[in-house]
């Protein structure tokens with residue numbers, strides 16, 4: 001036991017000093033480090049007996065004349081009992097609980113004189129596994145600040161007793177998992193097989209970017225409202241691996257809804273309080289809040305216009321929307337017209353590698369056309385008469401009307 005729970009075995013001696021305190025001899029489990037996922041890895045040492053290290057026989061002195069520590073009367077008896085550096089009458093040295101006389105040994109703690117039975121009832125440690133009493137002849141194992149019976153120190157998954165030299169992992173709630181079960185659970189990544197390991201880091205790390213976790217792939221929640229467990233086809237059901245579904249009762253659901261209305265993204269401390277109040281696992285509560293926030297976002301999108309464009313519009317989309325309006329994009333050039341715009345591939349100073357500058361290529365069907373002969377124009381300028389000068393103006397399509405000035 002720790003120093004805070006130590007007790008003192010005293011005896012009746014003649015004017016001696018306070019004897020040293022005797023501790024229950026217990027073997028601690030040696031902490032050899034930590035492993036992945038921040039789970040604490042422990043190596044079991046050999047178990048020891050749960051019993052006091054030594055006891056002393058009572059010794060009665062024949063010195064009198066001192067005052068009794070119990071009744072404050074002078075001790076005129078032939079024999080005097082000395083306990084904790086104080087003198088006692090033989091009739092005054094009794095257990096504070098059962099009032100039995102202390103004739104052999106006594107136990108003292110917090111200023112109380114107790115017999116062995118009452119001291120065990122008050123201060124003896126109890127097994128953290130079965131909450132049973134630890135007797136002095138019991139073999140025990142210690143993990144952190146907990147003491148276990150040998151029969152109670154077992155893996156919480158396979159129920160195998162952990163022996164000396166075995167490696168184990170301490171999980172949440174002082175549960176122990178053997179190495180093989182921990183590795184199996186880590187590979188399968190099933191959140192309901194074991195809890196997440198205890199981490200020495202800050203608790204706020206679990207509250208950062210919780211929405212990035214795909215909650216639907218890990219735990220299915222069945223609260224009557226969630227859309228997480230609904231799929232559109234049988235292919236999606238076979239493609240996604242789902243964990244066991246958790247049924248949330250009406251009272252638990254009401255508690256979660258009230259907490260969501262107050263804090264849509266609760267901290268770890270609030271989730272722990274909700275877990276204690278509803279009896280649900282913290283992981284289930286975290287996934288429920290994630291699904292609820294996702295549902296609120298979807299409802300808000302549907303309520304305020306809802307459509308969110310997933311890509312930029314293309315030319316075909318615009319043409320389909322306005323089939324009679326081609327002002328957005330001009331029509332493509334004819335297929336018989338080709339444009340060549342080839343840059344220089346090497347230095348232009350080398351005449352062997354110089355290519356032609358960008359030019360317009362004439363269609364092949366027009367290459368054999370004979371140009372018309374050149375005729376010299378007359379040097380006399382043309383004459384115009386204002387009376388015969390007319391402009392064409394028409395109201396009827398296809399019927400020009402001459403207009404004289």
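Cβ atoms are placed via backbone N, Cα and C, with glycine included.
From the options 241-300, 301-360, the stretch Swiss-Prot describes as DNA-binding region is 241-300. Segment annotation: Swiss-Prot labels region 'Disordered' over residues 189-208 (candidates 169-188, 189-208).
When the ranges 224-246, 362-384 are checked against Swiss-Prot, the one recorded as region 'Disordered' is 224-246. Across the DNA-binding region (241-300), the prediction's mean pLDDT works out to 86.
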